[in-house]
Amino acid sequence: MMLSIRNLVYPILFHFVIGLPQINLDLTDWVSNSESDVVSQHDCIHVAASIENGIDPHQVISYCMSEWPSKWIIQRNNQDQIFTFYQLFQQNITSEQLYRWSAPMDIVERYQLYLNQFSTSNEFLSIAMPLFYNCTSPRFGPLCQYSLDAYEPHHSSLNEIVSNFYFQKYLPTTLTCYIHLQCYENVSLACLDWSDICDGTVDCENGMDEEPCWQLEINTCEDNEYQCFNGQCISKIFHRDNPNTFECLDHSDESPIKYVLSSLATDEPIFAYEDVTCPLRHTIHDVKLTSSCLRERHNLLLRLILFDAPKSVSNECWSAFKCLLDIPDASNRICFDLCKGDKCRQIVNATCPDMLYLPSKAIVFGHIYLVYITEDLNQPFYKTTSPQYVCYNEQFCSGFHPNSTLLSFNNSICRRPKDFPFVFNSLGFARDVWKNKYILPLYQKLFQCNTIVYSDPAVCNSSSMYQCINSSKCISKNHVCDGIKNCNHGDDEQCSGIDLSCLGHGSNKPFKCTTTNFCVPQNAVENIVCDCPTDPYDPLLCDDENPNNKHYIRKHISFPTICDGFTELIPVSIDGRNETDETECEYWKCNNTYTRCDGFWNCYNGADEIYCDPSPPINCPSHHHICVSSKTHQLMCLSLDKTNDGNIDCLGAIDEPKLCRTHNYQWTHFDVENSLCEDINDAGKPQIVHFSLDEKRNLLENGTQENTNIIIPHSSTLPTIRQYQQRCHRGLAVHVWLDSEKNVSDIACLCPPSFYGNMCQYQNQRVAVTMQCRVFSDSLRTLFSIVISLIDNSNERIIHSYHQFTYVYIRDCQTKFNTYLLYATRPKNQSIQYAVHIDIYEKISLAYRGSLFIPLNFTFLPVHRVAIQLDIPRIRDYVEDCSNHSCVHGRCIRYSNDPKGNIFCQCNPEWSGRYCTIPRTNRCNCSFDSLCIGMTANNRSLCVCPIYKWGSHCLLQNTVCQNIICQNGGQCISVDEYMISDKKFMCICSDGYTGEKCEISNTIITVSFDKGIALPQSIFFHFIREMNNAAPENGSTFKSITTNQKSVTINWPRPFHFAFVELPNKNFHLITVQKIYKQSANIIQTISSSNRCKHIKELFNETIIKYHLLRRIKYYHIPCQISSPQLSCFYDEVHFCLCNNFSHQRVANCFEFNHTMKHDCFGKSSCVNDGQCLQDKAICPQTAVCICRTCFFGTQCQFSSHLFGLSLDAVLGYYIQPHINMLHQPSIVQISVALTIIIMIVGLVNGVLSVITFKNYKLHEIGSDFYLLGSSVTTLLSTTIFALKFWILIIAQMTYITNRPFLQFQCRSMDFFAPDLS
């Protein structure tokens, strides 16, 4: 026994010392491996996708085996140690240790269950029979029968193995196929790709790939959704949010529809690779046969199509025919042997028909064929022979020359190319150029033959469809005026007026140019080609190219770019004059915070750029520039007085910026001089300049600009790319060791969710879900467990698959969670309705928050892309029941996000089904302290674990936080097990602290007010943070003050650079300005009249006040100069301005400030009773507070003193500060607490002693004794109720008590029994 245990310990130590990869196979306990309709994932490894270019796809990919392991007969493994559970138990081995030793997850959880039952029964249980195989790396699996083919000895983790494997480029030699739609009837080798379905181009001979897709054409999105070019809807939040991630299948949410997808550093099977299409089939110079973004697929498809012979043609004829035309190429060895002499020509003449299709299938649009006349191969230059005829189905094509000679062949109408008319290029016939010479012209000239026949004639009557003239054909309005002829007579491209060109449907309507009544299709926006007419004021400005940023620059008045020597604004007509940002600059200092040392001469004499080089090549006197003399071509010093004087002193006239910026000055002798002159124009000047307090930032940025794009990676960080065999396509190859002693193995594949099959050769039907969550202000720090399930509407209401993750807003506010949901049947049943069902639970309490419903309306799609922004219900939002529905053994609940009022039944633990009428055949296997919310299609329990548990059955202890101490009352939570992260935990800090372990205290600001300043009940505080290359960040909070209170303390968690206070009637006072944020600072400031920020009406006369903002803003430096140093800040209706010291003078520095901001936490307020909500920043806030109206109080304004008279709530409630400990509460609260404690102690002691005294039977002889006894009991109860009422008020005000039943109970009980106290 000791020998076997020693053998167990040695591999354990080896694991930790060497750092071997941990591989835990999951789903190894098969419910059934028999033939059935249920397709369940089994024998899987779960791997988090790699973080690339700083972007975390936040996707866990499950690589699973498609073949059942029972097909292999595994011989007993004598190389690895085998232990019973009882032996492990005797050595105090824990389930966590088994997990770290790469045991299968089912073994780990069964062992933990064994330990749990052993501890309660203390007997030898039958569950002790399972065995644990202690595998020697790199083996893994229940019997140590597997090893990854991609494993290398230097690999230290499973993530490293997988990531390194996918660094090699995917170069398939065979096709992967979508086999659930039979497309090609006469082709045996080629197959359909899932991306070819509903891509707008007919591929199948029967048109089945596009027939049901009219539902997408007429689809309408909600106001908060963006409609992709293919008709699907995604949440509008994902539109243009990240150029490297796509939520639309055709990636139209980020960029124009692409021809092929650019390769990234790694090709892991994530959404960015597997769930995108490239439906642009042709460009000016190239064409492809598929909408797949994988170029290699097109090449394979073309080769296979040319290889397939028609059924009526012999193989001998087909081979000889292709060899004569050098297909696949002239150097083919088979053709060299077959065509010796004139043998191929003889075979063709003897065995081939007179007319022959090449390829044998329709080459485009499902019905267009290329036909050759075999007799023409007898001509001298037969290798340059082009197809003599193009054949098509005349039901799908018309509008050609009516007097042409037509030929009928194989139920098609055939025309010569010149009768369409177009001409094939006759040069060469190699396969690599064949497609561009013969297929490309078909796309360019005959695209109207891409006709989709709708089974329902009512489709063309939809308002989203355009009816072609003189034709029964209709197309989506989104294809009108898109540059492609879709109607037979071309009327869809006759775009002479707005009535036709601006047609459109949904959010995919054409883009309307601002300068003219002209529209361009959405796929032409930001396609590097200007389609709108150019702007008359700026030829470089194009409406449809970068329409957001560039128009913002050209039409938005920006303080940092006013009078900087470069014209950014389009001229504005003011009082009959064209004004720009560079006119009337007499009162503007061109040498300021934003122009100083930015690398450009903003002052025409270049004063803003002197002394900027810390190591000048030559030493010059003060107020001199260094330049190359135009006469001597040597470095020289040039005085500021000689710059911009009309005389050229420096090479390239760089000392004459006005001359260079006229754009019409050209040197005649040296190109270098023109280049130098061009260097001082605005070509390289940043177009958007943001608010900044420090002019030195320009110097630092300008000095490091040259190196910002130079990245030299360390050689040790670059993976060694080994070329693996790609037998499993996009999956991972696994060795199955049948007999370890004889070294006999087989190869199997672990397929990602998008593929299945023994070689991962089949494309899976799937739902790809991207989800970003939002919470209301009451749940910023609440930990949630979110369960996403794929369900159907059958009576069984089957849970086909699910994914569960942990979410907390302060960590995951901008995280997009990506996951696959797979159907339990293959193929899916298109006669039933599928949907995504989302359940939300609080992780700590397991309280149910609500459910959301996303219907999957397009069952014909092989890949259904769902991208949603999930709003987690508020704490106070009751889960709405529905009493008019029959849930026999469960609870009827309404979905929180469905305006149509959809409902579902939340079944009791032993029941299932749509109406909770089906008894569960299998008992739920979740741990006793978890929730069992359903059973999946393969009869596995769906469990929601408490915060300290994990695993599929919630049996495993989460030990990450046992050794982590979050300081200052913070709470430790663990990171999801399969996520890639350097930190395996996170601390949710209590108010007042931040940092990795809550070790950093917030900034504390104590503000006192002079007696002359009248203070309201609530005061607003604004904190402004300067951001690099972004607009300043604004956070706000408030403080309630009591009568005669003249100081307040603010606890602020975020970095900031200056702060000011807002009193009623837009009365602003500056608190502090700091160029460098000081963490955990303690700031004390007294506010007086000198700190007040004046409105511009107090600084300028009425004439200037009435000026247009573009003119008026150019005077804003004057108040800072003439009022120095008394004036510290001022504001107008748009800006908030500081008066800063700059180069021995005072200048204004302004940023845009929204004075009319609605305080509702940007629509996510949890404040009730019309309370206002403030948060510390607009994006990803960490804290939020409620400002209550009169007569309301509480952390969410949930309490009211209305009609309560002189109540304890009304007297004391307003003084209690939320989230402030008792030591920092107002003195009236502290005194009340002390008095309450005294009253409680005295009252309890007096009441108890009185009861003991008056219970004496001798005293009962006196009649008043009964009265005194009752009075004592009443006093005791009153004291208890008063104490409870007081402490509940204190706790409810200082912290969140959100349990509505409890609050209602105390209100209806204590307030009833103690009306004089409430």
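One-based numbering along the chain as shown.
Any Cβ shown, glycine's included, is placed from N, Cα and C.
Because TrEMBL annotations are produced automatically, they should be read as predictions rather than curated entries.
Since we're looking at a predicted model, the values are computed, not measured.
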For this session: Name the cysteine that pairs with C213 in a disulphide bond per TrEMBL, restricting the answer to C191, C198, C233.
Result: C198
Problem set entry | Sequence-remote partners of the domain 'EGF-like' (878-917) [C-beta within less than 8 Å, at least six residues beyond its ends] | 793-797, 837, 848-853, 870-871, 924, 932, 934-935, 1300
For this session: Would you mind ranking the disulfide-bonded residues C198, C882, C892, C907, C998 by how many other Cβ atoms sit within 10 Å of each Cβ and giving me the lowest?
Result: C882
Problem set entry | Candidate nearest C989 (disulfide bond) in space, where candidates are the disulfide-bonded residues C198, C882, C916 and distance is Cα-Cα | C882
Exercise. Per 10 Å Cβ neighbour count, which of the disulfide-bonded residues C213, C916, C989 ranks highest?
Worked result: C989
For this session: Please list, for the domain 'EGF-like' (878-917), how many residues fall into helix, strand and coil according to DSSP.
Result: 0 helix, 13 strand, 27 coil
Exercise. For C907 (disulfide bond), which of the disulfide-bonded residues C198, C213, C882 has the nearest Cα in space?
Worked result: C882
For this session: Determine, to the nearest whole angstrom, how far the Cα atom of C198 (disulfide bond) is from the Cα atom of C916 (disulfide bond).
Result: 37
Seminar exercise, completed: Taken over the domain 'EGF-like' (957-999), the predicted model's pLDDT averages 83
